[in-house]
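Structure first, commentary second.
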Amino acid sequence: MRGEAFLHGAAADISAQLPLLKLSAIVASLPNVPELAALQREANHVLSTFSEALHLPTLEALSPPTIERWPIYFFLASAMVCLAGSAVYHLFGTANARWAGLLGTLDFIGITALIVGSFVPILFYGFYEHRFLRTLYIALICALGGVLFVLALTPLFHLQRYRELRTMLFTGLGLSGVVPITHMLVYYDFNQLSRFVLVGTLLTGGAYLCGTAFYLSRFPEVLAPGRFDFALSSHNIWHVMVVLAASLHFSFVLELWQERSVAAGPLTNATLATAMAHRA
């Protein structure tokens, strides 16, 4: 349902495919004379009854939310950059020493992009009505990502002896989100939607951290060297967890976008009640 709503919102003109449901809007555009006004009321009544009987969506229900969708596109783009960069590096970089450094840089840049891109929709929709806070935190996470971007361009960053340090830096970039999420909880007095942001972030972040733990510990190949060279190594598991976490995060930000689209204002108890009633 969330994905359908998102696609409906991105469609150019969905109402053009629903001529029956547009009848009321066409009548409303005619001159405001008593006879036509009466006809409009009758048409509205008939269409409403017909739609309810067949469980058809109304034009109002199909209307795209006015809330911005670019943060979701930003996250999707960052995920594609990360996964594409990783695929190219592991396919070509590990087989060609001349390209290993360049493609390894692309891999690290993709990881940085995914971490930053994951936070953008959370911060944008979480602090939606507070332009200063959302701009501040998005700028800060982008600045921290920029530092890692520059480090990824240096040959020293690619050395094997800094493997654990690289991983901790990427993990630290992700954990920096603790500050804005905590601020969000306090700012909105732990209301329902801010708690939803916390739970969603913990789930996706937990999946990323689980994959990172496998990567750092080199489990299970550390127990049986050579047995997991082709499948089920820690590196394989790490990549599976990244894809799983990105998928969970996409579902989470779609839900957050939908809730914000309904509430469309400060996260008060009244707007949250309206949002939850709309979902029900």
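Just so you know, the numbers here start at 1 and follow the chain as drawn.
Just so it is clear, glycine is given a Cβ too, placed from its N, Cα and C backbone atoms.
Look at His235 (Zn(2+) binding site): DSSP puts it in a helix. Cβ neighbours within 10 Å of His235 (Zn(2+) binding site), excluding its own Cβ and spanning all shown chains: 15. What TrEMBL records for His90, His235, His239 is Zn(2+) binding site.
Under the heading transmembrane segment, TrEMBL lists 72-92 (among others). Sequence-remote contacts of a segment are chain residues at least 6 beyond its ends whose Cβ falls under 8 Å from one of its Cβ atoms, and for the transmembrane segment (72-92) they are 6, 99, 103-104, 106-107, 109-111, 113-114, 116-118, 120-121, 239, 242-243, 246, 249-250, 253-254, 257.
Annotation source TrEMBL lists transmembrane segment at 99-124 (among others). Listed by sequence, the residues of this chain that lie at least six past the ends of the transmembrane segment (99-124) yet keep a Cβ under 8 A from its Cβ atoms are 68, 71-72, 74-75, 77-79, 81-86, 88-90, 92-93, 134, 137-138, 141-142, 144-145, 148-149, 152-153, 155, 157-158, 166, 170, 173-174, 177, 180-181, 197, 200-201, 204, 242, 246, 249, 253, 256-257.
Taken from TrEMBL, the feature transmembrane segment covers 136-157 (among others).
The feature transmembrane segment is assigned by TrEMBL to 169-190 (among others).
Proximity of distant same-chain residues to the transmembrane segment (196-216), defined by a Cβ-Cβ separation under 8 Å and at least 6 residues beyond the stretch ends, is recorded for 118, 122, 126, 164, 167, 170-171, 174, 177, 181, 184-185, 234-235, 237-242, 244-245, 248-249, 252-253, 255-256, 259. TrEMBL lists 196-216 (among others) with the feature transmembrane segment.
The annotation transmembrane segment is assigned in TrEMBL to 237-257 (among others). Remote same-chain partners of the transmembrane segment (237-257), defined as residues 6 or more beyond its termini with a Cβ less than 8 Å from a stretch Cβ, comprise 2-3, 6, 65, 67, 69, 71-72, 75-76, 79, 82-83, 86, 114, 118, 121-122, 125-126, 193, 196-197, 200-201, 203-205, 207-208, 210-212, 214-215.
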Looking at Cβ-Cβ distances, which residues of the chain lie under 8 angstroms from His90 (Zn(2+) binding site) while being 6 or more apart from it?
Asp107
For His239 (Zn(2+) binding site), nearby residues of its own chain (Cβ under 8 Å, 6 or more apart in sequence):
Ser86, Gly211
Neighbours of the Zn(2+) site His90, His235, His239: Cβ within 8 Å of the Cβ centroid, same chain, sequence order.
Ser86, Asn236, Trp238
Give residue numbers and ranges for long-range contacts of the transmembrane segment (136-157): same chain, 6 or more residues beyond its ends, CB-CB under 8 A.
101, 105, 108-109, 112-113, 115-116, 119-120, 123-124, 127, 166, 169-170, 173, 176-177, 179-180, 183
